[in-house]
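Note sheet for the following structure.
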Amino acid sequence: MFLRSDLAVTHWVSRSMRKLFLVLSLLLSQAAHLEGRKDNQFLWKTGPWGRCAGDCGPGGAQSRAVWCFHIEGWTSPMSNCDESSQPPKERSCFRVCDWHSDLFQWEVSDWHRCLLVPGAQGEPRPRAVECVTAQHGLQHRTVRCLQKLNRTMVSNEICEHFAPQPPTEQACLIPCPRDCVVSEFSPWSTCPEGCGKKLQHRTRVAIAPPLYGGLQCPNLTESRACEAPVSCPLGKEEYSFSLKVGPWSKCRLPHLKEVDLSGRNIQDFSSDSNEQVTLTHQSYKAHHHSQPGDVVIGFQTRQVWCTRSDGRNALLSLCVRDSFPLTVQPCVMPKDCETSEWSPWSPCSKTCRSGTLSPGVRSRSRNVKHIAIGGGQECPELLEKETCIAEGEFLQPCPRYSWRTSEWKECQVSLLLEQHDPLWHETGPICGGGIQTREVYCAQSLPATIASRTKEVSRPVERTLCLGPAPSASQLCNVPCSMDCIVSSWSTWGPCVFENCHDPQGKKGFRMRQRHVLMESTGPMGRCPHLAESVPCEDPMCHRWLASEGICIADHGKCGLGHRILKAVCQNERGEEVSGGLCPVPPPPERMACEIPCRMDCVVSEWTVWSSCSQSCSNKNSDGKQTRSRSILALAGEGGKTCPSSQELQEYRLCNDHSCTQLYWETSAWGSCSENTLVTALNVTIGWNGEATCGVGIQTRKVFCIKSHVGQVMTKRCPESTRPETVRPCFLPCKKDCLVTAFSEWTPCPRPCQPGNTTIKQSRYRIIIQEAANGGQECPDTLFEERECEDISLCPSYRWKPQKWSSCILVPESIRQGRTGTSEACGKGLQTRAVSCISDDNQSAEMTECLKQMNGMPPLVQECTIPCRDDCTFTPWSKFTPCSKNCEATQIRRRQLTGKSRKKEKCQDASLYPLVEMEPCPCDTFMSHPYGNWSACILPEGKRDAQQGGLWVQGDDKECGEGVRFRAIACSNINGRPVDPSFCNSSGYIQEACVIPCPFDCKLSDWSSWGSCSSSCGIGVRIRSKWLKEKPYSGGRPCPKLDLKNQVHEAVPCYSECDQYSWVVEHWSPCKINNELRSPRCGRGTQSRRIRCVSTADREGGAVNRSLCNQDDAPQETQACSLLCPSECVMSEWGTWSRCPQSCDPHAMQRRTRHLLRPSLNSRTCGEDSQVRPCLLNENCFQFQYNLTEWSTCQLSENVSCGQGVRTRLLSCVRSDGKSVSMDHCEQRNLEKPQRMSIPCLVECVVNCQLSGWTTWTECSQTCGQGGRMSRTRFIIMPTQGEGRQCPTELTQQKPCPVTPCYSWVLGNWSACKLEGGDCGEGVQVRSFSCVVHNGSISHTAVPVEEALCGEVPFQEGILKQLCSVPCPGDCHITPWSEWSKCELTCIDGRSFETTGRQSRSRTFIIQSFENQDSCPQQVLETRPCTGGKCYHYIWKASLWNNNERTVWCQRSDGLNVTGGCSPQARPAAIRQCIPACKKPFSYCTQGGVCGCEKGYTEIMRSSGFLDYCMKVPGSEDKKADVKNLSGKNRPVNSKIHDIFKGWSLQPLDPDGRVKMWVYGVSGGSFLIMIFLVFTSYLVCKKPKPHQSTPRHQKPLTLAYDGDLDM
């Protein structure tokens, strides 16, 4: 009882204590909560960061406000907030300045792949159940702010100062998810032999990776236990054991505690048991190997343990048999690369002020003191650069550079003429289109303020300093052609006048005629002929009386004697009316006697006007004559005055009695413009050099008096008034001094030394920018200077100087004994040596100097071996046996075993220890064979004239003709080893002559002479032509468009003066009465006259062919006439019609009159004495206007093919009826005359493509081997103009390089994993390297050669050695990579969604023991992009049903069976099952899971959708009995139709039990039919209402619907 009560008390106390503890805990928790709430009531709050202040760059600072506030929103003292969590008030920043915009920029990457939008909190989005085509995605890109110079990333705030940050993400669409697709499993592996538990496995590989959120790949491996394992018999071990070695430890030096390890034991910590391995050790004696100071030898160890085939550890003794594996070895202690301190920063590269505020660059460097050894840290960057800004207010502005040009050189017409005709040669002055060139160079641009103060011209610099395209160095130009004046015809000879009417002297005068300039001369050689001619004459008179006669007025009565009134006016030599006081005294009488015939008198007409003079001048043989005549109008009656004789009816007088020899002034060409000191002193223009260079000068010429047909005569024979000027002012051409640029800077000499023992020269040049002209200072002779570089020493060369190798260093004896238990100093060790850098004079140098000049550094450490007692020993190798001259011979060397090795069996294994070595003998027989294709035909290079600006001229590189083509030769020895072509006595090429056909242009004849004008009066056409001589071929210039006769024509308008040929008429013959028997002989008759066509230019007035005169204006040769009888009234001839107004107003009248000469005897009234008629246009009234032709084509001078020409148009006077008339008609009416009858024009020059010369051949594209090419290029200087030869497409030429052998280091394959005594575990793989010779591509045909031919070894230890592992039995290991799958595109509806496809490969793991499967690695899937992929689709395939079961699998469109890829929702059923079971006769379970009927039966379904029974189709050949018989006749049913309608004819439900759509359709259609029938019945049965209202007037029926159904 006591015990029980005691326990109860104890229990009560403990419960009370627990309750008390719980209450205290709650109190403390509440207090802490309240305190925490108190602390959390005050929080820190910060404002935005202010502007960055300070210097530009990273040295700025910015601040912000920080305060404490209560959670309710009011500000609190700072002490209420926790000071430890107070945010900082200041921070450093990068102050952005304006010039930083050139330093920093946003760098935007390409958009990444479109990825699915992640779900909330970064979780993967749940896969959509239905995805039709695409799903929403998101794609990102990287946006960062970069410093342009070194491409380093800086804060985004810097770039945001200049431009907003580009977006980093955007929405996109991606295809529906695609699951991982894998292949089918491989067959199960065979079970391993032996007893015990064994596993077998099977694997599959990845075909396509998961994309766009698809499912990951399933397991690629499966394992299972072998069936019926064989139990191990008694006495046999169930497990196998393997010695496993671990990785080597890091290299270290021995510690002091490892000095003496004698007698200690080493625990085998790798074993699961507590087995100890006891090893005895000798005492450690310290000794040191001599090592170079840079290399320290340490040691490294590894663990060794025994593992069982099930993966468990076992006793080490179960694995160690003959020899224990190596667990300790010497190694090189790691040593990092050692560099010097940074050098001081170099000066800022920008030492001037530019407008762009772009920064400069400064750098600093450091040198390598010692390279990394033993796997130490490699050397860091040795050069560092950063941007800098040169500060200072007095910085000079940065130089700017721009393209400059010289003046254009003289226009060279010959360049184009040679293109037209290669055989052209200069025979005289040439003109027309040409090409001119100029020099283009780059020079420093001087500011305007500096350029105005300095006299120095620009200095050429490197062309690379100028930005932008260079100006053109050539252009088309024109040398103006000279053309003489075009003058009018001569005027008529004027009267005989004094030479100077203002001061008449002497008794001799001159008769003169003039002509005027129609078109001025052009060009420097254009001349005008003389414009005035004179002939001397007697009795000159400057003023003459000109009298006009009135009609005859009878003095008494109406007939008999009378008088005429004479009206005289005084005219000067120009025909102008002047005062009568100037004419000679006395003036002509005012009255002149005349006679009026009486009634019976003979009546004669008035005198006609004097005819034109028969000759323009008189000579000894003939004189000029003029005639006038009158005719008998009426015969005399009885007692009347008789008619005059025929001689009295005509009068003659002399005219143009001056000589036919004319006098005129002839002038020489104007001389050059020369200075006139009086004039130029007043017209001074000061040039930049302070000398008078321009002004006004004078030109002079000589004047000669020429007598036609004689030559020069005395000047006094010619009238002084027409003497041309001999002096005229002119603009004195400016003197142009030669201007050259300043010399360029000397090309730099190498600093501070020159490589090689050659003479280095530096040069400079200058360019002529203006040639001297007009007596200016000539150009200097020296434009290029060269000199040797002075005080330049040879660059020192450096080389490595290795010391002797040290003795072989082994692991210290104490450590070797403690790890291996042996004291013999043998085995593998290391040798070291020191390597120093020395110059040519054996002086020590920095290691950096050798590293710059040499490729790598000689090795500092090498492996060595100290033979042990049990090792095999040999004699040294003998020398190789001599070689014979046979190329197939070999040479041999031998060695022998020595000592005890001769008795050891392992030493006699020739595969391990060969005693004989053989190698082929060198062969001196070489063969050559061609390689590659022939090069293009290469023409020999010509010399280029520097003065031609790089254009084609005679003697330049040819474009066609004979050339050479090349083919490379490969040289090899008899074994196929490539050697240098010189061994085959060859230059490396086969050369073959070739020909490039020369292009021939279309050749036309010269222009024929111009034909005569097609019109003899007015405007016509002149034609000239060319005809084809040679057709073009081989790319020559094409021909212009030719006519059917292979001719090309050119037509220009022409004008012939209408008075050039005129009709001359003689007087009418007397009127011949028709009836001669009549007396007196009067009445009607005919009269005739003689007409002839004469040339107005012919002095003699001789007749010409009548066809030259205008036939429309030919005068009548016969006309009707009348001879009035004595008793008849006689009237005078009709006067001329009065002039109509110029407007030809039809209301205006034209009038003519005549007067009575003799009244009739019987007082009959005479005829009318006046007539009027209206002014009708184009009948008796004409209007006149100037007619202009169109501008002609551009006319060039003779023998000129292009350039400046003249377009002309012709002016004629045209009557309103379209007839061309003399220009006098338009001139007399003062019509406005067009000003310009010619304008300059330009005929585009046909220019062949102008090319530069070929550049020098480039270096070979390969330093050795086959397939190397060298090339040269040329450039288009001036493209083709017009129909010139096109530029060749081949602007680059290539030819093969000589085939020289290539020597390369080749790495061998990795060796098997060497474990050095272990069975599995961690080991090392090595591979060797060798020097091979090849022809440019390393293949299996590469031949190993001497290593010296390949130079320094470029491989480091990491390339020649790598760690590896060998799995132990029982370990889980990974398989090799599978083959890459086919390239597959992502496609939607059979169309590619992306341009690149994907390939996949995988590797999985193999389980050897289920106990170790947790330690297996993960399976790996690797994907890479690919091109040339295809679109594949995946479909479900199924086998035939077998007992309502079948196999279903997914197959790719190329026939590959896969897992994945097909839609799981569309997977067909693999098991067929109907519920309820199909027990009706002739029924079976269909694929859809519902009961159907066999062939020949149709389904009768219940309303519930289940099968009621199977009904036999009538006419079916199936003889099975029906369940129910149908009444009626059995009609034959087409079985095919039955098959078509079988699936839906009587089945209202689909296989899923849902109502089919046709049921709804039939129901809806039936309902509509019923409504239609009811509505129709209603209309048929409805009674029509009688119409009781009175009919209204019918309105016309319209087509508008008014709502009445009856309509």
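Every residue number used here counts from 1 along the chain in the order it is shown.
Glycine is no exception: its Cβ is also placed from the backbone N, Cα and C atoms.
Marked as domain 'TSP type-1 6' by Swiss-Prot on the basis of sequence analysis: 484-543.
According to Swiss-Prot, the domain 'TSP type-1 12' annotation covers 925-999.
Annotated domain 'TSP type-1 17' per Swiss-Prot: 1304-1369, in sequence order.
In the structure as shown, the Cβ atom of N150 (N-linked glycosylation site) sits within 10 Å of 11 other Cβ atoms. Sequence annotations record features per position, and here Swiss-Prot assigns N-linked glycosylation site to N150 (among others) based on sequence analysis.
The N-linked glycosylation site annotation in Swiss-Prot covers N219 (among others) and is backed by sequence analysis. Cβ contacts within 10 Å of N219 (N-linked glycosylation site), excluding its own Cβ and spanning all protein chains shown: 12.
Residues annotated as N-linked glycosylation site in Swiss-Prot: N683 (among others).
Non-local contacts of N842 (N-linked glycosylation site) by the CB criterion (under 8 A, 6+ apart in sequence, same chain) are absent. Per Swiss-Prot, the feature N-linked glycosylation site maps to N842 (among others).
Per Swiss-Prot, the feature N-linked glycosylation site maps to N933 (among others). The Cβ of N933 (N-linked glycosylation site) lies under 8 Å from the Cβ of R967, each of these being in the same chain and 6 or more residues away along the sequence.
N1105 (N-linked glycosylation site) falls outside any helix or strand according to DSSP and counts as coil. Annotation for N1105 (N-linked glycosylation site): spatial neighbours C1093, criterion Cβ-Cβ under 8 Å with sequence separation of six or more. Annotation comment: Swiss-Prot describes N1105 (among others) as N-linked glycosylation site.
Taken from Swiss-Prot, the feature N-linked glycosylation site applies to N1187 (among others). Cβ neighbour count for N1187 (N-linked glycosylation site) (all protein chains, 10 Å cutoff from its Cβ): 16. Secondary structure from DSSP puts N1187 (N-linked glycosylation site) in a beta strand.
Under the three-state DSSP scheme, N1199 (N-linked glycosylation site) falls in the coil class. The Cβ of N1199 (N-linked glycosylation site) lies under 8 Å from no Cβ of any same-chain residue at least six residues away in sequence. According to Swiss-Prot, the feature N-linked glycosylation site maps to N1199 (among others), an assignment based on sequence analysis.
In this structure, N1309 (N-linked glycosylation site) belongs to neither helix nor strand by DSSP; it is coil. The number of other Cβ atoms within 10 Å of the Cβ belonging to N1309 (N-linked glycosylation site), over all protein chains shown, comes to 8. Annotation source Swiss-Prot lists N-linked glycosylation site at N1309 (among others), citing sequence analysis.
The N-linked glycosylation site feature in Swiss-Prot is assigned to N1335 (among others). DSSP gives N1335 (N-linked glycosylation site) a coil state; it is part of no helix or strand.
Under the heading N-linked glycosylation site, Swiss-Prot lists N1457 (among others), citing sequence analysis as support. Around N1457 (N-linked glycosylation site), taking its Cβ as the centre, 11 other Cβ atoms fall within 10 Å, counting all chains.
Sequence annotations record features per position, and here Swiss-Prot assigns N-linked glycosylation site to N1525 (among others).
Look at Swiss-Prot and you will find 1578-1607 tagged as topological domain 'Cytoplasmic'.
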Remark   = Cα of N150 (N-linked glycosylation site) to Cα of N1309 (N-linked glycosylation site), in Å and rounded, measures 40
Task = Could you pull the average pLDDT for the domain 'TSP type-1 17' (1304-1369)?
result = 83
Remark   = Reduced to three DSSP states, the domain 'TSP type-1 6' (484-543) has 0 helix, 21 strand, 39 coil
Request  = Do me a favour and check the Cα-Cα span between N1187 (N-linked glycosylation site) and N219 (N-linked glycosylation site); whole Å is fine.
outcome  = 103
Inquiry  = When you rank N219, N1309, N1335 by Cα distance to N1457 (N-linked glycosylation site), which of the glycosylation sites ends up on top as the closest?
reply    = N219
Key: Rounded Cα separation (Å) that holds between N1335 (N-linked glycosylation site) and N219 (N-linked glycosylation site)   = 48
Ask   = Where N1309 (N-linked glycosylation site) and N219 (N-linked glycosylation site) are concerned, what is their Cα separation in Å, rounded?
value = 33
Key: N219 (N-linked glycosylation site): secondary structure state under DSSP, collapsed to three categories   = coil
Task = Ten-angstrom check, please: count other Cβ atoms within 10 Å of the Cβ of N1335 (N-linked glycosylation site), all chains counted.
result = 21
